[in-house]
Structures are given as structure tokens and as C-alpha cells.
Amino acid sequence: MADDTSSPMDRFCGSTFWNATETWYTNDPDFTPCFEQTALVWTPCAFYWAFVIFDFYYLKASLDRNIPWNKLNVSKALVNLGLLVITALDLIMALVKKGGDSELPLYDLDVWGPIIKFATFLLLFIFIPLNRKYGVQTTGCQFIFWFLLTVLSIPRCRTEVRLDAERQKILNSQQPSEQDFSWEEYQFVSFFIFFTFTSIMLILNCFADGMPRQTKYQRGENEIPELSASFLSRITYQWFDKMALKGYRNPLEEKDLWDLRPQDSCSEVMPIFAHHWNQNVRKNYKNKARVEPKAQFSNGNVTFENPHGEKNGRKKGMASIMPPIYKSFGGVFLFGALMKLFTDTLTFAQPQVLSLIISFVEAQDAEPEWKGILYAVLLFVLAAAQTFILGQYFHRMFIVGLRIRTALINAIYRKALRISNSTKKESTVGEIVNLMAVDAQRFMELTTYLNMIWSAPLQIGLALYFLWQQLGPSVLAGLAVMIILIPVNGVIASRIKTYQIRQMKYKDERVKLMNEVLSGIKVLKLYAWEPSFEKQVLDIRDKEIATLRSTAYLNAGTSFLWSCAPFLVSLVTFATYVLTSEANQLSVEKVLVSIALFDLMKLPLTILPMLSVDIAETQVSVNRINKFLNSEELDPNSVLHDSSKPHPMSIENGEFSWGDEITLRNINIEVKKGSLVALVGTVGSGKSSVVQAFLGEMEKLAGVVNTVGKLAYVPQQAWIQNATVRDNILFGQTYDRKRYNKVIDACALRADIDILSAGDLTEIGEKGINLSGGQKQRISLARAVYSDADLYLLDDPLSAVDAHVGKHIFEEVIGPKGILARKSRVLVTHGVTFLPQVDSIYVIKMGEISESGTFDQLVKNKGAFADFIIQHLQEGNEEEEELNQIKRQISSTADVPELLGTVEKAIKLARTESLSDSISVTSADSLMGGGGSLRRRTKRQDSHDSVASAASLKKKQEVEGKLIETEKSQTGGVEFAVYKHYIKSVGIFLSVATLVLNFVFQAFQIGSNLWLTQWANDQNVANDTGLRDMYLGVYGAFGFGQVTSYFFCSLTLALGCIFCSKVLHETLLSYVFRWPMELFDTTPLGRVVNRFSKDVDTIDNVLPMLWRMVISQAFAVLATIVVISLSTPIFLAVIVPIAFLYYFAQRFYVATSRQLMRLESVSRSPIYSHFSETVTGASTIRAYNVGDRFIEESDAKVDKNQVCKYPSVIANRWLAIRLEMVGNLIILFASLFAVLGGQTNPGLVGLSVSYALQVTQTLNWLVRMSSDIETNIVSVERIKEYGETKQEAPWELEQDKNKPKNWPQEGRVEFQNFQVRYREGLDLVLRGVSFNIQGGEKVGIVGRTGAGKSSLTLALFRIIEAAGGRISIDGVDIASMGLHMLRSRLTIIPQDPVLFSGSLRINLDPFEIKTDDEIWKALELSHLKSFVKSLAAGLNHEIAEGGENLSVGQRQLVCLARALLRKTKVLVLDEATAAVDLETDDLIQKTIRTEFKECTVLTIAHRLNTILDSDKVIVLDKGQIIEFASPTELLDNPKSAFYSMAKDANLV
């Protein structure tokens, strides 16, 4: 070794660093010892030092602490120590043996080599106890370091062994040698010890450390294995195998799923997001005075600041959700971006290796074989590395997406609890739920692709750079084509965008309409109005389909452009290249590498426009969410809680509005501690608004509202949760049996609960569908009483209950002797009866307080109150005893002759007409048989408290009480029938055409590629321009074929799918409209709406895209196999086992993934239904101040949804890694066979390898898409399932047409031994009822709640079908008619006034068959004319969702107007007088008496005066008629049940 070695590295080692002849140009390659000891050792070290920052980050981010010492980490520490010792020893030995006196010179390498190694090992050694302390169970950097170190030491093993063999030769040869080999011997031993230790460390690092002792969150046995999985297991997703296997064996269920990773749960994600959101909100204010603490995270509550701010804070603009999202989740995202950068670079190494392979084949035997193998392996390694990194990248992005969704859903939820009423008016419940369901979801879908924004241009740039090297400036021609295509595409994309927005708008409209229709379906059926609403839905749907069709044409256009883009580009480029100069000849390598590069450009070019559309869509979503999160909130300070004020509740000089004009002015109210204050007034005078003002729901314009203490609130329209009766009453408080039973008895719920199938564990449907209005109201009251608050706001709680129950409740609960006697209470009421017992009365008129004082004072005043009473008494619907009480009260206070006179008159009236449908608490018992009632009641109380039988009862009850059937998530495979159904809906011709066109397209594509290689191989082209032009022409023709076939193929497919979705939606709609009522009762509304929104949307938008992908991908895979087999037939031998591997991965995956998706979608709907429930009940939730509990429930539901979502994300990755490895094997074999098979045609070889390179992506997509289809075709399955449900009887029958126009002419109604039950398997509700009503008779129906009164009317309209017996009208059996024939000839005024959004006219006459005059006449008779006249739009006045913008009384009058417009011979009045004040009640009664004189009227009575003048009375009990006669006759017979009812009510 001469001292004048050239390079610094050579000097550093004291030997050659790089020797090309030894390493490359040889049949037996090897590295130099210097290279082995420097480059190959320092590479891993450099890697570790570069990435050690991640290890520090993991320490910081870890939620756990303290892993116990165990075999694994002890052995790691020991082996690491061993390595430290051996490196230190190396250094010492080098210093001892070399340099100085010894003849061996000491090189820098001998000193620095060990030092570098020692430093690295020391760093690794420090991490062992650190990782233990901070609970980090595995780290990737260390694994990769040991892996690299071990692999890169292998060449040195070979070298050392060879050198050792040479040394032995020298030693064994006879001549004695002078050389001293001790240093070399030492190095040999030391290296092998070092190598063994490294290998051991690598093996140890394949496993994860033990479980930490301290964890921030409880780790159950069901924890996700990922937390304790080793790095190796994490990158291969081997920890998921268990679940995949389980899912393959039998369908997964919820209990099989793992717990959520703590760092993805709401409790970890929310505080971070809230903190950044609050910062962002504050930045938006100019007055920076308020310095807020960090996001408080007190016992699980995250507070969000209100971006709307105080009135004075001038704001700079909307606070956007984007900055908080970047700040909260940007870190993970950036790490992902780094990985993406890495894989992009790897992708472009592949065409380079490809060109090496081609030149290797071209050279034919000039090159040694090992190079070919090296290239093939290199290709495989590149592909494999890319697979693993991409796997991690997508995983990271999905997690970011999930976290963003969690954050947004929670932010929206928390906001929804606080929005002001003006905000609520702007958007319907459906739209707010959509923010959560659609917009937050969209984010999640975007995050995966977001990095393409910079990655796609980067990939295009790299491709162009390499292409330039191949083809020079001609690339620019190709580039020009691409650039021209981009704006064209942009234009189309923006058109598609407008169409999509339009389609979204129609979809929202359609879903909103469906929502209302389904909410009011009972009314629609009673009125036989379904066809009108079905038509409305279909009209919207037609517009939607038209929009979809336009989108489809545009989409076909884009796909046409993009399919021809790569081809046009290569055509233009190659043409330019060969035509610009004679010297430019295509060689095989040039052609194939260029094609490979063009193919790499294809993906980013396709994604860019799609991405821009997606980003635009997400931008829309962001704006919608921003608008919502920035909308006005209720001012938390509008109600003060100042305990220094004298009274617990007061309003001083209050002025309030509902966001537009002033509703209440000059309000002064004081509620003394423990007093009962009544608010009275006519309909719409603002009584409820006063209550809302106390709650802080209204916008306070002036004045002071003060409440001190815990509130309870009973709204006018009870808000009932979809939970059990008991949960509704407890409302989050603990169950105290004694108190609970007391409350139930006081609220008269005991009897109702006994009727329910599972007692108080009966589940109540959404919005309380299986309860009557009175029951809901009483449950709502019981909730308030149970909450044991200090202040009670009761908004007309007695309106929906019968007079006697009302009296009972007043006495037991509200009145001076009731449970609430010591509380401060505000009562809104319509009844005069209780007024003498209240402490003070406020009379409200036109939004002002006209007078106030005690009953006596007000009577003396002769003001509005006296008028109110007089008017009330004239209606004569009070009972004698109560009138006497009022009389005493009045006469004792003052001489008010006209008042007394009125009272006397009323008493006379009451005596003559005295009778009651008394549903009083006692009369119910007396009905059951007189005297034993008390005893029986006490017995029942005991049995309630006995516990022994309770357990067995409970089980039975829970089964019976389940009303809502749990949503079936189908298990197992999707049957072929579903696909058949889909294809049938698409149409056979279109389906076949699509497949044929795809086949043609692939044929053209392969043809053009083979033609290109043929051209490149042809030697004569160089001298013959004619030949060249011929090649070029045919190549162009092939391309033209590709493009047209692809265009038509995407068009046929798109149109087929649209046709199909139209057909499917129509069948779904017509079936749902024809469901019998019982199905609506057992299916939650949300679930049906879900079919119409989510599932129809899937069929409209998702499936067509998936089909397009699947079909084209499947053909592409086929093409690949064909091409590879053409070039290397032996490949077919490998394809069989590979296909098996592939098939297994696919089956495992699909089975697991599909089930996970189903579980996920089933766990998703509760989030939304809970949310919409919250939005409707927000005021109640705020009044009770239980927002935090609801937020927690929502969080729990979101977490539960994540539990199902996360594994399906992982399943995706698990599959991707396995499939791509299969694809990588295809690459390996295709290239190995090409290299080793002695192939002579480089064109074919190159073609087969370049096809193999694409196959990984294609295979991956294929499985992904086919399983997506399996998952999404479930939508078709669910729609098909709804199309196979039970239907009600036909609407129209042929024989109906012969009936006269004005049937029934007489209105005779006859029941013959009639029996009916609500649903299969339930008890009979009417058990053999027979009676006969003559035409024109007025009949009252009375009986206790649950006696079957309503069932009678439902049976008359055939809402529930007979179980026996028959009903005939005018002698015709109603079972023999079409439903619409029957229902359209009867009139009903239903109990709940249901209105639909739309014009007032549509609400009165949806078929638009009546003239304006008729409508105005009806309005006049129903006392609405003046009101409607005062509206700007008159008859076209838009009614809000559910009729929110009319008062309850007005709604009731609209229902009366409907009845008047119909005017048929038979009228049914169902408890119609419940929720109305006396004035309206009076109006309705008068109208009915005059307008329906000739008709048969059946009244389900609630108050006395409703059936005083009826011809007959039917007394029902437990589904049987016990009496049927005229009221007078019954009252003359003291033994009649009717008499005893009257007696209980002190009327006889």
C-alpha cells in the first residue's frame, strides 16, 4: 500500500475505498474492506442519529408509564452492553497493537470507526431505561437501525471468511512466515462477536416490550393489540390477523371489537381542538381585553368559546375551523407528508431499473447473470419498501381524518346546545344534522388525498425530467397537450360542481320533505293524502335525476379526456420525436421507459382535477360548518342568578323578542319564594314566551331577568326521549324507588304504566310515538317533579289531560297541597277552575301584562280578567262543584252582579247537562267495580315494592317493552339476488354493452403497446420514412379506438346506473307510502329517512363510480396477465399460486371488512338520531342544565362509532400490505423470468415488466373496489328489503268506481262484533264491539285512557285492520273498499294538529282541486279568515316545518278548516279540544254544531261540554262496550257506570 493513495477516504482507511473492477465489472462481485468498514457501518448510524428525534417524540407523547423489567428488556440491555464493551475493546486494541512502536501504522479509521459505533450504541443504550420509564413498548427507528446494520454487515462476513481462509493457507503452507497476523485474527473474532450481537439485537427488536404498569386510561382485556404490538407487527399489520381470522370464520359482532385507542377518543382529541379553536376565536376580536385560560378540561367538560362574542366586541370576521384543525392535527399530517415524499421518489426509481433490465436483455450474454438477478431483486425491494411506507402513510392520514371528524362532530354538538332561536329558525333540524352527517364526514374522506396537492405536481415534474432525458425537447409537445387538457377539465369540473350543489339542494329538499311526511304519516293516511305527497317527492326526485344525468354526461366527458390524455400525450411526443429529425429513432428502451413514465403521470393527472373538485366541495362544507359554529348563541348572561334579590324569580321592565319584532314588552313579574303564580291570557298572547324569557331562550332587549336556584321546566309540547319511561322521568338522576313511586302516583301515571307492555321499562319511540298526548305531558311533568328543583316553570301542563286527571294533578302536584307546595312555581293555564287557589295571577294580553294580583283583586277590577272569566263561564264546560267554588270565591270578595249572574247561569247549565267522560283517577277504579278500589290499589303498591318477583318480571318486561326493533345489520355475504336485482334495474342491454366496450378498450390498448414495440424492434424504419409514417398512422388509429370505446363505455355505465337509481327510489317510495301504520310505529323515523338519504345517495353517486372502477380494473388485470404470459409463458405456472394467495387475502378481508362497515353504519345512526333529538329538546336540556350529560352521551356514541370505524380502516391497510406483496411477487417473477428465461425480444420483456409494475396498484384497487361494491351494494339490499315489507290494503279498487260521488249518503255506521289488535302477537284492544249509529246522530265516546277510544277511530279508517267482525258504513263492509275510497269519504279532526311545510293552501288542499272561494269560506268558518288576511302572502303563506310559525291553537283551527273543506257525511273528532284554550275550543264546538248538523259525528270526548248534547254515549272499558244509550237515559239509571262517573265528578 503506497502512501500516496488518491482520495481522502483512501487515506482515512489506509486502503482503497472503491474499486470498480472488483465490485462491478466482474463475475464475482465484492466490496473493498475499507468500504465495508466505513460506508456500510456508518449508513445505519447516520440514519439513527437523523431520526432519533422521533424516539424523543414518542417518549413525550406516550400516555403510559413504567414498564416492569422483564426478560426482553433485560436481554436488550445486556446485549447492548456487550456491544459497547466490544467496541471499546476495538478502540483499545487498535491503540495498543497499532501505531507507536509496532510496525502496523494507526489509521484514522481504527480510532474513529469504534468511536462512532460506540456513540451510537451508547445512545441506544440510554433509550432502554427511558423507554421503560415512559412506557414506550416498541420503536421503529431502533428496529430499522439494527436491521440495516445486520444486513449491511453481511458483505463483510463474506470478506472476513475469505481472508481467514487465505491466512490459514499461508499458515498451513510449509514455509515459515514472518508475518504477524494477531491484529487480523483479533479483528476476525471481534467482528463475528459484533455480528452475532447485532443479529440478536435485531431479533429482540422484533418483539414489543411488556405492558406498562401505569396507564392514563384503564386498559381492559379487550384493548386493541396495536398498543402492545411490536414495530414489525405494526408495519405488516400482523396484529390484525386475529380479527381477520375471526371475521372470516363467523360474522363479527360488536363484542368482538377492541376498545378504542385512547389517543383517538373524544376525551383526548377534544381538549386539543377546543384549545386551538378558542385561541382562534380570540384572535378574531379586536378588543383583546379578555385573556382566557387554556381550554378548560374539567371533569371531562370541554368549553368552547362563543365566536359570536358579546355585542360590543367588534369582530374581524368569522372564526374558521381550518386553523384549529391545522394546529391540532398538523403534526401527524406532516409526518405523513414526509413518508409520501419518500414513496414518490421510490416510484421514479422503478422506470430506471426497468431500462437497466431492458439493456441487460438487449446485451444478451455480454453481461454476467448476477446483474440481471440484482436488477430483478432491486425492483422487488423498491416496490416492497414503497408498500410498507405507503401503508403507514395511509394509516396516519385515516387517523387524522377520524380525529378531525370526532372534533367537528363534537364541536357541532356542543354548539347546537347553545344556538339562539334566530339561528335555529335559519336552518331546519335536518340541515343541522346534515352538518354532522355529511360535512364532517367529507373531511374524513379528503384527508387521505390532501397530500396529493403537492405530491401530484412533484410526480409530474419528476416524470417530465426523466422523459426529457429519454426523448429531449419532444416531451414539451406532450406536455403542451396535458396543459391544454387541464383548463378544459377545469371547466367541466366546475360545471359538475354546480350540478352537484344543485343535486345536494334537491336531495336536502327531498329528505326534508320525506322527514315531514314520515313524521306526519298518520295524518296523511287518515286524510288519504299520500298520492299528493308522493307526487311532491317524485317531482323533486325528477329534478334530481335530471341533474344527475347532466353530471353523468360531463363525467363521461372527463373520463374520455383523461383516458385519451396519456395516449394523446405519448402519440404527440413520439410523433414529434421521430418527425423532428432523421437521427431520432425509437429504441425499445426509449419506448418502454417513456410509456412507464407516462403511466406514472397518469395517476397524478387524474387525481388533480378530482382533488380540486373535492377540495371545492370540502370548502363548501367548511363554510357551512363555519357559518353554523359562528352563528349567534343564546346569551348566557341574559338571565342573572343574583341571590341578593328578594325573590327567587323576577323580571323587571323586560322587553323580549324572538329575533325579529318585539314579542313581549313592559314585563314585570315577581315570584315569591314558595308561591304559585298563574299566567293567563288568550291564544298567542305570549304566555309561553314569558316562560321562555325566564329560561333565557328569548333575546332580551331590555330589563333584568333573575332566577336563583335549580330550574325544572315542563314545555307545552312534551319532549320525550327515545328511551324507557323510567329513563325519561329520572332524566339522568339516580333511581330512588320511594320518591319515584310517589311522583308516579301524583302525576297519575300508575295506571298508564300498568297498561304498558313492560311497565315503566317500556321503550318509548322517537318523539314519543307510542304514547298519547296526555301521557307524554304527564311524563314530562313527572320528570320535572322528580328532579326536585327549586323553581318550576310549567307551560300549560294540564292542557293535554282530561279535566279530572288535571284536577288530580293540580291537587297532588301543583296546588297548595301538592308535592311542589314549597317550591316557587309559574303556571301557564287555560282553566279558570284552579285560579282561586293560586297566590297571584298575571293576565297577559298582546305581549303585555294587562293586570296582575290575586283572584279576588282581579275580580274586583272588572278588567280583562273578569271578561276572561265571563267568556269562559259562558261556554258552560265547568262542573257544578267547581262553579260553586268560584261562586263562593266571587261573592265573598265583592259585589260584582254581572259576574255572579253569569256564574248562576253557568251553574244551572251545569246541572242540566251534568255528565262527564270522567277519566278521573277514582272513577277508573269505580268502573272496575265499586268499593274494592282502595284496597286493590294498596295491594298493587305492595307488589310494586316486592323485589323477589321483580327480577323474573324484569326480564320479561324488557323483552316486551322493546318497541323499536334493533336495526338488522345483515351478516354474511351479500346474496347474488341483490346483484341480480341491481343489474335488472340497470337493464340487460346496458350491462352487456358496458362489458363489451371495456373488452374492446383493453384490446386496443394492448394492441397499441405491442405495435409500438414492434416498431421499435424494426431495423428498417431508420432508412424508410414511408414505413415510419405507416407505423405512426396505425399507432394513431389504435389510440382513436381506445378513446372512443372508453367514452361509450363510461356513458352506457353512467346512464344505466342512473336509470337504476331512479327505478329503485320509485319502488322504495311507493312501498314505504303503502306501509301499514304498525310498521311506522316500530321503525324509527331516522332509519327510514336514512334509506332515503344515505342509501339513495349511495346508489346515485357512489355505486356508479365504483362499478366503473371495478370493471376497468378487472379488465386491466386480465390484460396484464395476458401480456406477461405472451412474453414469458412460464409465468402462468406462478400465476396460479399467486392467484390463490390473492383470493384468500380478498376473502378474509371482504368478510371482515364488510361486517365492520355494517357495524359502523349501524353505530353511526345513533349519533345522528341522538343529535336531532338534542336539537329538538335543546330548551328542555338547557332548562334542566344537563347539557354536559348529553355531551358525554354524544361523545360516548361517537367513540362507539370509532370503535367500529377504526378496525375497518386497519382492515384496509392489512389488506393493502398483503395484496401489494402479492403484486410485488408478480413483479419479481416477471422480471426474474425475463432475465433468466433467455428471452431474446427485449420489447416483449420490457412490456411484460412494465405491465407487472402497474399490476400492484390495479390489484389493490380491484379488491378495494370490489369490496367497496359489496359494502355499498348493501344499500341496494336495504332498499330491496324495504320493498319486500308488508303492505297495507290496495288504495284504489276497480269496484270503487261504481260508488256514487257523494257516498256515504246517509252516514250509518255499524260495528258488528268487531275485534282489533295493534300488531301481530299483541292483545286485542277492542274485544267484540257491536253498536249501530243512525245517519246524522251525534255520538260521544268515553272511557278511561287505554279503554280503546282511539282504536275505534283508527279501525274506522282501517289504520289498524280488523282481527274479527266487521264495520259497515251505509251497509257496505269497509273491508271491501280501497283504502283511499274509504278514507277520502270520512273526515277526521285529529288529536295532534299536524302541518307540513309548504303553503297554507297545500296544507288545506294538497290536490289543488278546490277553488279559492271554497277555501276562503272554510277559513271563515274556522275563524282563521282575519288571520290569513293579515298575512302578506295570504293563502300562499309559507308554513314552517311542523307548523312552527303558527300557535298550537291556530294549527288546530287549520285542521278544522281541512275538515270543513272535506265535509263528508261522517266526521270523527279525536280529543281535538285538548291543547286549545277555551276560546278556540268554543269556536270549534260552535262550528261543528252548525256546519256538521246533518253529519254523523263521533266525538272522543275529554271535557263535559263536548258530549253534553250528543244523541248517544258509548262507554268503553278495556276494549268492550259496557253502555250504549242516550246520556239522559244513562243518568236516570243510578246503576250505570256512566252515572257513577258523573257522581264521582259530583255532577249528580
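Using the three backbone atoms N, Cα and C, a Cβ is placed for every residue, glycine included.
Taken from TrEMBL, the feature transmembrane segment applies to 39-58 (among others).
Same-chain residues lying 6 or more positions outside the transmembrane segment (78-96) and placing a CB less than 8 Å from one of its CB atoms are 106, 110-111, 113-115, 117-118, 121-122, 124-125, 128, 183, 186, 190, 193-194, 197-198, 200-201, 204. What TrEMBL lists as transmembrane segment is 78-96 (among others).
Long-range contacts of the transmembrane segment (111-128) within its own chain (CB-CB distance under 8 A, at least 6 residues past either end) are made by residues 12, 37-38, 41-42, 45, 48-49, 52, 55, 73, 76-77, 80-81, 83-84, 87-88, 90-91, 94-95, 139, 142, 145. Per TrEMBL, the feature transmembrane segment maps to 111-128 (among others).
Same-chain residues lying 6+ beyond the ends of the transmembrane segment (135-154) with a Cβ under 8 Å from its Cβ atoms: 40-41, 43-45, 47-48, 51-52, 54-55, 58-59, 62-67, 120, 124, 127, 191, 194-195, 198-199, 201-202, 205-212, 214-215, 227-232, 234-235. Among the features that TrEMBL reports, transmembrane segment is placed at 135-154 (among others).
Here TrEMBL flags 324-342 (among others) as transmembrane segment.
As annotated by TrEMBL, domain 'ABC transmembrane type-1' applies to 334-617 (among others).
Sequence-distant contacts of the transmembrane segment (373-395) (same chain, at least 6 residues past either end, Cβ-Cβ under 8 Å): 235-237, 336, 339-340, 342-343, 346-347, 349-350, 353-354, 356-357, 360, 448, 1209-1210, 1212-1213, 1216-1217, 1220-1221, 1223-1225, 1227-1228, 1231-1232, 1234-1236, 1249, 1253, 1256. As annotated by TrEMBL, transmembrane segment applies to 373-395 (among others).
Distant neighbours of the transmembrane segment (474-496): 460, 464, 467-468, 551, 554-555, 557-558, 561-562, 565, 568-570, 572-577, 580, 584, 598, 601, 605, 608-609, 612-613; these residues of the same chain sit at least 6 beyond its ends, with a Cβ under 8 Å from one of its Cβ atoms. The transmembrane segment annotation in TrEMBL covers 474-496 (among others).
The transmembrane segment feature in TrEMBL is assigned to 559-579 (among others).
Under the heading domain 'ABC transporter', TrEMBL lists 649-871 (among others). The average pLDDT for the domain 'ABC transporter' (649-871) in the predicted structure is 87.
What TrEMBL records for 927-953 is region 'Disordered'.
Among the features that TrEMBL reports, transmembrane segment is placed at 988-1012 (among others).
Summarising the annotation, TrEMBL assigns domain 'ABC transmembrane type-1' to 992-1271 (among others).
If you look at the transmembrane segment (1032-1060), the same-chain residues 6 or more away from its ends with a CB under 8 A from one of its CBs are 545, 548-549, 552-553, 555-556, 559-560, 563-564, 567-568, 571, 574-575, 578, 982, 985-987, 990-991, 993-994, 997-998, 1000-1001, 1004-1005, 1007-1008, 1011-1012, 1015, 1099-1100, 1103-1104, 1107-1108, 1111. Positions annotated as transmembrane segment by TrEMBL: 1032-1060 (among others).
Here the transmembrane segment (1130-1150) has Cβ contacts under 8 Å with residues 244-245, 247-248, 1121, 1124, 1211, 1214-1215, 1218-1219, 1222, 1225-1226, 1229-1230, 1233, 1237, 1248, 1259, 1263, 1266-1267, 1270 of the same chain, all six or more residues outside its ends. Residues or ranges marked as transmembrane segment in TrEMBL: 1130-1150 (among others).
Look at TrEMBL and you will find 1215-1237 (among others) tagged as transmembrane segment.
Through the fold, the transmembrane segment (988-1012) approaches residues 563, 567, 574, 586, 591, 595, 1031, 1034-1035, 1038-1039, 1041-1042, 1045-1046, 1048-1049, 1052-1053, 1055-1056, 1059, 1111-1112, 1115-1116, 1118-1119, 1122-1123, 1247 of its own chain, all at least 6 residues removed from its boundaries and within a Cβ separation under 8 Å.
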